[in-house]
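Trainee: Below you'll find the structure I mean.
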Amino acid sequence: MLRRLLERPCTLALLVGSQLAVMMYLSLGGFRSLSALFGRDQGPTFDYSHPRDVYSNLSHLPGAPGGPPAPQGLPYCPERSPLLVGPVSVSFSPVPSLAEIVERNPRVEPGGRYRPAGCEPRSRTAIIVPHRAREHHLRLLLYHLHPFLQRQQLAYGIYVIHQAGNGTFNRAKLLNVGVREALRDEEWDCLFLHDVDLLPENDHNLYVCDPRGPRHVAVAMNKFGYSLPYPQYFGGVSALTPDQYLKMNGFPNEYWGWGGEDDDIATRVRLAGMKISRPPTSVGHYKMVKHRGDKGNEENPHRFDLLVRTQNSWTQDGMNSLTYQLLARELGPLYTNITADIGTDPRGPRAPSGPRYPPGSSQAFRQEMLQRRPPARPGPPPTANHTALRGSH
């Protein structure tokens, strides 16, 4: 009965009307009052009016650029890196060249890999960035993110997942491709799913996962008045362990175009028996690069119809139904480029094609990934944001 109710046109109209009402409220400046209503933890106080240069303190990193690999048996890196500076400046102009970014990051290895030289990192984090036709945004992100992560003393790698062709953009499916390909390379502790146009403003926002559940990291974007737009928002930048990602069957593959997938993902977290955690609002600051609407990423007219079916579709639509054709894998000086044909919207003239990953069921794929996980390392586990992942929300 409930299912029939959700599929009625009047119900969809109500959902559309509700979203329009919320958007109107937020556009009139309601973000801060909404944040207060939901009691978001503001966290420690930072002075964002006097940010430091994003390349500050890199001269204090141990080890010479391009030096030999770090010896075995090093002590763990401190939970809170002494190199952190807090708020960092974010500039969108001029856009740096790739050569300039390479020159300023001599410790970054091919494929966008980095590992601290003087201590054992507490987390191995893969940054996965869906991408198409945003070259300026990508260069800004790489210029900003590499020094940001090095100061946190993490082992990390950056993966840029490029959607081939001119079909409708599918952010969530590209993230599934990125997770699949990143886990072929290494047993990452943490998967950071990162929009290309968001730059972090505070290096106390640690790029590590919360073992208790998925983290939504971009809690305070300038686009939304540096407040969380609504409690279940999960867009922009999020972090999950591989086990958490597989437990919710990854992200949906059927959201072609803009909108809807973030709410679907938040629902998956709940249906998989997990809760979203967040850093304090004062820590999770991000600036969005200004841009016009993307051709091929128009508003998804089917998003509400898909959302009302999430409760029944999430176990069938995700990593266990992922299809794509890997066209290229290139180790660039700043990132690993993955180019994939993910097909087109099945409501269009051609359905997705390519090899199926995995060849078996979702249980078989999950078992494969779990078997690839290494035994627990001795010593303290990776630590989440030192300002405390304050409770679940």
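Note: Cβ is positioned from N, Cα and C throughout, glycine not excepted.
Pulled these features from Swiss-Prot for this protein:
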- Asp197, His291: Mn(2+) binding site (BINDING)
- Gly260, Glu261, Asp262, Asp263, Arg303: N-acetyl-D-glucosamine binding site (BINDING)
- Cys77-Cys119: disulfide bond (DISULFID)
- Cys190-Cys209: disulfide bond (DISULFID)
- 339-393: region 'Disordered' (REGION)
- 1-10: topological domain 'Cytoplasmic' (TOPO_DOM)
Trainee: What three-state secondary structure does DSSP assign to Cys209 (disulfide bond)?
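Mentor: Coil, per DSSP.
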Trainee: Where the distance is taken from Cα to Cα, which of the recorded positions Asp197, Cys209, Glu261, Asp262, Asp263 turns out closest to Cys77 (disulfide bond)?
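Mentor: Ranked by Cα distance from Cys77 (disulfide bond), first place goes to Cys209.
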Trainee: Whose Cβ, among the binding-site residues Asp197, Glu261, Asp262, has more other Cβ atoms within 10 Å than any of the rest?
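Mentor: Answer returned by the neighbour count: Glu261.
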Trainee: Among the disulfide-bonded residues Cys77, Cys119, Cys190, Cys209, which residue has the largest number of other Cβ atoms within 10 Å of its own Cβ?
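Mentor: The most densely surrounded of these disulfide-bonded residues is Cys209.
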Trainee: How many other Cβ atoms sit within 10 Å of the Cβ of Asp263 (N-acetyl-D-glucosamine binding site)?
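Mentor: Excluding its own Cβ, Asp263 (N-acetyl-D-glucosamine binding site) sees 21 Cβ atoms within 10 Å.
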Trainee: Through the lens of DSSP with three states only, how would you label Asp197 (Mn(2+) binding site)?
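Mentor: Note: Asp197 (Mn(2+) binding site) is coil by DSSP, not helix or strand.
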Trainee: Summarise the model confidence on the topological domain 'Cytoplasmic' (1-10) as a single mean pLDDT, whole number.
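Mentor: Taking every residue of the topological domain 'Cytoplasmic' (1-10) together, the mean pLDDT is 54.
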Trainee: Fill in the CA-CA distance, Asp197 (Mn(2+) binding site) to Asp262 (N-acetyl-D-glucosamine binding site), as an integer in Å.
Mentor: 16
Trainee: May I ask which of the recorded positions Cys209, Glu261, Asp263 is closest to Cys119 (disulfide bond) if we compare their C-alpha atoms?
Mentor: Cys209
